[in-house]
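Trainee: Below you will find the structure I want to go over with you.
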Amino acid sequence: MPDAVGAIDQGTTSTRFIVFDRRGTILAQAQREHEQIFPRPGWVEHDPREIWRNTHAVMREGLARAGLAPEDLAAIGITNQRETAVLWDRRTGEPLHDAIVWQDTRTDRSVAALARDGGRDRFRAVTGLPLASYFSASKLAWLLDHVEGARAKAEDGTALFGTIDSWLVWNLTGGPDGGLHVTDVTNASRTQLMSLATLDWDEAMLGVFRIPRAVLPTIVSSSAVLGEARDPFPGVPLGGILGDQQAALFGQTCFSAGEAKNTYGTGCFALMNTGPAPVASSAGLITTVAYRLDGRPPAYALEGSIAITGALVQWLRDNLGLIGASSEIEGLARSVEDNGGVYVVPAFSGLYAPHWRDDARGLIIGLTRYANRGHIARACLEATAYQTREVLEAMERDSGCPIAELRCDGGMTVNDLLMQFQADILDRPTLRPKVSETTALGAAYAAGLATGFWKTLEDLRDNWAVDKRWHPHIQAEERRALFAGWSRAVERSFGWVEENA
């Protein structure tokens, strides 16, 4: 009987394969990085062939390290960087162009032109998303318009489009020899082409971006047996697909409305389960699909993205030289009792949710002769917590549903000082799970549920365990004063970049 599940975690900088047992414990993993390609300023690309080669390699390496054979796997799940666009030839399996990565801004002008007629929110009621080059639709439109012969191939079904999950599934299940062309609802919801109401491609959106329906994958559930892998693990069921942030929500077992997680990395991604109906946002958030289990209604989510959190620590290290390694920031921040009145607003390229101010720029404010390196370090950590509070308060306003606690994952959660301050400024507990790889775990859970390796969502909840829990310690007046100072600092960051300057 199979006693493990494998998860492919295909991220922006690397690809991993992680093997989990029935308790959700990691048995083994393997990882390979891939090249970041920057053809022009603002352009970011990946080589889809390199990503597939790396995926193939880490699957074999990870399984070998676990001491298992393919027949020991009950299923394979996939989680992936979202929005990144791939276009390939179904006959040869060759990409028609390098993948255009979610960070890429080459379509800013075309998106701005669309926004002039109806504003950036003109399609939010259908897709849940503001108009932005971030999402896949404008990237696919660019590929069809700029790659020779691409539009004709798309119209006759010779060319196939997908986000990275689609590319991997197609190759895993045979490629040119009968490979499946599918994507799940979470990834489809990030293209700006899917209706949140029907969970199908929206004809009006296809018309706006001039996308032939023949090029698009079939939209499937996040947890369902899609088929069997052929290479490198013949016969192993492919049972689940989730975009990376939705996978983290699933891995944190946030299955009920009002349950939320925040992933702390270079930036932060906070998601809140809002239940079986989409919740429109008037507070600067994105409405998206959280997941859909096979044969059941979908769960929806509100999402808030924060551009700069962990990257601020890197900036202290690399640009200012205040620390020699990122791990040193906690010790430096603990060298002072508080922030000394100092605030850092990391608006290096504007502010994301909930403000969405392109004209904001970073600032350090509140400096006096008393302030020292420790105060600046502490203010940098606190900036992450303040921004997270802004997003969670927006979620509560939009949904009308209180968030009782925040489940935290990602690299920054090793910083106990940050986690304590997060609890303090939120006035609610923050929790770090024992299994830190929640994104890959979410993909494994989705796949294992589909094949019966785990029977119910309650089985997954039983697996979830707390590594550490932080409760708020500061008084209400101190909390109010700290956040008021942050709010004043944020306001002063606005308007620094003048229009047409």
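Backbone N, Cα and C define each Cβ position, glycine as well.
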Trainee: Have a look through GLY162, GLY174, GLY175, GLY411 and flag the one Swiss-Prot assigns to the ATP site that THR12, THR13, SER14, THR266, GLY310, GLN314 belong to.
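Mentor: For the ATP site that includes THR12, THR13, SER14, THR266, GLY310, GLN314, Swiss-Prot also lists GLY411.
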Trainee: Say Swiss-Prot lists ARG82, GLU83, ASP244, GLN245 as binding glycerol: which of TYR134, TYR291, TYR300 is in the same site, per that record?
Mentor: TYR134
Trainee: Name the secondary structure element type, per DSSP in three states, that contains ARG16 (ADP binding site).
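Mentor: Looking at the DSSP assignment, ARG16 (ADP binding site) belongs to a strand.
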Trainee: Which residues of the same chain, at least 6 positions away in sequence, have a Cβ lying under 8 Å from the Cβ of SER14 (ATP binding site)?
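Mentor: Set apart from SER14 (ATP binding site) by at least 6 residues yet with Cβ under 8 Å, we have GLN31, ARG32, GLU33, HIS34, ASN54.
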Trainee: Checking the contact step here: among the binding-site residues ARG82, GLU83, GLY310, GLN314, GLY411, which have a Cα within 10 Å of the Cα of GLN245 (glycerol binding site)?
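Mentor: Checking each Cα against GLN245 (glycerol binding site), the hits are ARG82.
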Trainee: For ARG16 (ADP binding site), identify the closest of the binding-site residues GLU83, TYR134, ASP244, GLN314, judging by Cα separation.
Mentor: ASP244
